């Protein structure tokens, strides 16, 4: 019973999220819908594992090419998902080229299995897949299959590094783009994807280690099998959960950017004049008090293009639009926290008064700027009085 639970849990988790993510209309959120295909590939991957551990080893041979294909498709699918979150507003079919290694090795494996005799297949299973005895066979079919297997593991390792680096770069650029457009980043950034990307690397390294060790080490030990099963199940569950909760993508950002581009009331100022107008606007009208303030609203007030405003803030103040606005919010929050007439006001009411979208954001941003939480800052001010 316990062994069944250990073997099948990753399948249950991925199948659940596959159904949840694929059933809704994809037009509502293409990235979320596409994550369902990632879960489908992961489900097939763990189905192959289940056949290996629960069925007779001979039956697994017919799943081995499928295992090769899906194991080399998981990272490309996740990277494609990140692209749909950060840079692509629709499916770009040239991304299918990322699956060429998986497809080539799949058909090579299938073709080789078809020309191998039953004796050769049995030898490949017992001597190589189970015992990891290396290239000991003089049979061309077995030797080819061993070469394809090793090639697949090398390609998988390369994928881990390649998609980690490029996925991280996409996320960093997207978050920077978001920070230069919105003042409130709640539910808009995809920092959690970066965390999960690194988590996937850790689990991928574990996968490679387990492959080097060999599956025979797990055949008779449910306790050992519990380690990778629980790690992968927890990780995949949170990938599905966070993907389901992620509502903001590059599609939403592009829509709002295009709305600004359609307006024709832009004026071109020299940088010094634009800087003076910007500082005057924030000093007199205090637009930062609006928790949903966007750079387009500032550019409308200044009758100029948001790109000019963004470039000014980046070059003159060496920060993003979000950081620029939050600096004003923190400065006013410090004044209110030091004002005795606000002693009875909660931190939440102060955070709302200065424009923060939530108390958690207020505490996090304030601590980053001042080195202490607003609560401790207030206590310190009261002690000095």
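Counting begins at 1 with the first residue displayed.
For all residues, glycine too, the Cβ spot is worked out from N, Cα and C.
Using DSSP to sort the residues of the domain 'HTH araC/xylS-type' (276-380) gives these counts of helix, strand and coil: 79 helix, 1 strand, 25 coil. What TrEMBL records for 276-380 is domain 'HTH araC/xylS-type'.
Long-range Cβ contacts of the transmembrane segment (6-23) within its own chain (Cβ-Cβ under 8 Å, at least 6 residues beyond either end) map to 32-33, 35-37, 39-40, 42-43, 46-47, 49-50, 53-54, 222, 225-226, 229-230, 232-233, 236-237, 239-240, 243-244. As annotated by TrEMBL, transmembrane segment applies to 6-23 (among others).
Per TrEMBL, transmembrane segment is recorded for 35-53 (among others).
Sequence annotations record features per position, and here TrEMBL assigns transmembrane segment to 65-82 (among others). Within its own chain, the transmembrane segment (65-82) has Cβ neighbours under 8 Å at 31, 34-35, 37-38, 41-42, 44-45, 48-49, 95, 98-99, 101-103, 105-106, 109-110, 113, 148-149, 152, 155-156, 159-160, 163, 166-167, 170-171, 190, 193, 197, 200, 204, 243, counting only residues six or more beyond its boundaries.
As annotated by TrEMBL, transmembrane segment applies to 94-116 (among others). Long-range Cβ contacts of the transmembrane segment (94-116) within its own chain (Cβ-Cβ under 8 Å, at least 6 residues beyond either end) map to 61-62, 64-66, 68-73, 76, 79-80, 83, 124, 139, 141-142, 144-145, 148, 151-152, 155, 159.
The transmembrane segment annotation in TrEMBL covers 147-171 (among others).
According to TrEMBL, the transmembrane segment annotation covers 191-213 (among others).
If you look up TrEMBL, you'll see 225-244 (among others) marked as transmembrane segment.
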